[in-house]
């Protein structure tokens, strides 16, 4: 009974994190320096540690990976502080990146300790509530005329969420979950109508966010689902026919009701911004598609090669805060997670990140690969490599941790034994 209460509190703390981020964004937007997000995540991590220690830690692979990763990253931060002779305040700022990254491991670690109390049905309900809060946090300010634009020139809308690519990643992962629940409807027992409404609300949020990667991925995934259900329609039962009928009927209804004018209105700012930067970059498509990340990467590499004793930087990096203080937009932040990890924490940090991703990939293919789990992880790798803001953002790291927890539960119900 006590363990059930612990896991319910844990899941509730995950569900409410969009609300925390929204209020945190409100405080930032109106100039109030209230560290609500930091306080929430410190409390969340403290609860995870309490829950794990009070139950008795299982010596699983994720436990060892968590210990080694956090220990090495904290050690790297201390080494950087001593080597570059920076102060305690900068060390605390640097450790905040480690705390965010740790959420990727702490959430599935806690879930693994209480895995017997978790199921796909339970997590599907958690996903629905989490998605509703995430959607409401964007759509409600949008219709009230509150919040911030995605870009400085008023293109797109991100409400009170702080970073655009973080929230786009969260919407995409939840979009994938909802699509998977539609396909495996018998495992979650959530009404198909509710799932379809959530799916289209997620797509609507990606539309008003206005990010290239989010829109493109959402559209491609939608086409995949349509083709999947069409194939089911040809070969399966009346239940499958009902699914595809609902899916296509709702899509047709939205198209007829809103139509081309709505899409053009929602995308007008994004299209104008795209055209402006296409002219500015003189049809440099790589720079345009990567939003200048290739330029930031070149600057970062030049900074690294010109740095004295860069063999030490190769080993333990320069730190996120130092890089930004020294170089600013000239290579101080690339927004490509694997490269940012290398330049911030050296080859040691890069190997840690590779180990984390490899661990969950190994889990996804262990005793029979689960295509959906593998897809989630490969998408995350590609997104973090090209777009960034996955492993070092508190919001997207929480979503990644939740995703890995779902992967663990899917594998458990497939008969995987720890």
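Note: Cβ is positioned from N, Cα and C throughout, glycine not excepted.
Predicted automatically and left uncurated, TrEMBL annotations should be read as such.
Only residues 6 or more beyond the boundaries of the transmembrane segment (7-28), in the same chain, are considered here, and those with a CB under 8 A from a CB of the stretch are 34, 36-37, 40, 44, 47-48, 51, 107, 110-111, 114, 117-118, 122, 126, 129-130, 133-134, 136-137, 147-148, 159-162, 394-395, 398, 402. Taken from TrEMBL, the feature transmembrane segment applies to 7-28 (among others).
For the transmembrane segment (34-52), the residues of the chain that approach it from at least six positions outside its boundaries are 6, 9-10, 13, 17, 20-21, 23-24, 27, 96, 99-100, 102-103, 106-107, 109-110, 113-114, 394, judged by C-beta separation under 8 angstroms. Taken from TrEMBL, the feature transmembrane segment applies to 34-52 (among others).
Summarising the annotation, TrEMBL assigns transmembrane segment to 64-83 (among others). When Cβ-Cβ distances below 8 Å are used as the criterion, the transmembrane segment (64-83) is approached by residues 90-91, 94-95, 98, 101-102, 105-106, 109, 312, 316-319, 322, 345-346, 348-349, 352, 355-356, 359 of the same chain, each at least six residues removed from its ends.
Taken from TrEMBL, the feature transmembrane segment covers 95-115 (among others). Listed as Cβ neighbours of the transmembrane segment (95-115) (distance under 8 Å, sequence separation of 6 or more from its ends, same chain) are residues 3, 6-7, 10, 14, 38, 41-42, 44-45, 48, 51-52, 55, 57-58, 60, 62-63, 65-66, 69-70, 73-74, 77, 320, 344, 356, 360, 391-394, 397-398, 400-402, 404-405, 407-409, 412, 418.
Positions annotated as transmembrane segment by TrEMBL: 127-147 (among others).
Per TrEMBL, transmembrane segment is recorded for 159-182 (among others). Using a Cβ-Cβ cut-off under 8 Å and counting only residues 6 or more beyond its ends in the same chain, the transmembrane segment (159-182) has close neighbours at 21-26, 28-29, 124, 127, 130-131, 134, 137-138, 140-142, 146-148, 150-151, 188, 190, 192, 195-196, 198-199, 202-203, 205-206, 209, 211, 213-214, 217-218, 221, 225, 243, 247, 335, 372, 375-376, 379-380, 383, 387-390, 393, 395-396, 399-400, 403, 406.
Look at TrEMBL and you will find 189-209 (among others) tagged as transmembrane segment.
The transmembrane segment feature in TrEMBL is assigned to 215-231 (among others).
The annotation transmembrane segment is assigned in TrEMBL to 238-256 (among others).
What TrEMBL lists as transmembrane segment is 338-361 (among others). Long-range contacts of the transmembrane segment (338-361) within the same chain, counting only residues at least 6 positions beyond its ends with a Cβ under 8 Å from a Cβ of the stretch, are 61-62, 65, 68-69, 72-73, 76, 97, 104-105, 108, 297, 300, 304, 313-320, 323, 331, 374, 377, 380-381, 384-385, 388, 391-392, 404, 407.
Sequence annotations record features per position, and here TrEMBL assigns transmembrane segment to 381-410 (among others).
Non-local neighbours of the transmembrane segment (127-147) in the same chain are 14-19, 21-22, 25, 29, 157-161, 167, 170-171, 174, 177-178, 181, 190, 194, 198, 201-202, 204-205, 208-209, 402, 406; each lies 6+ residues outside the stretch with a CB under 8 Å from one of its CB atoms.
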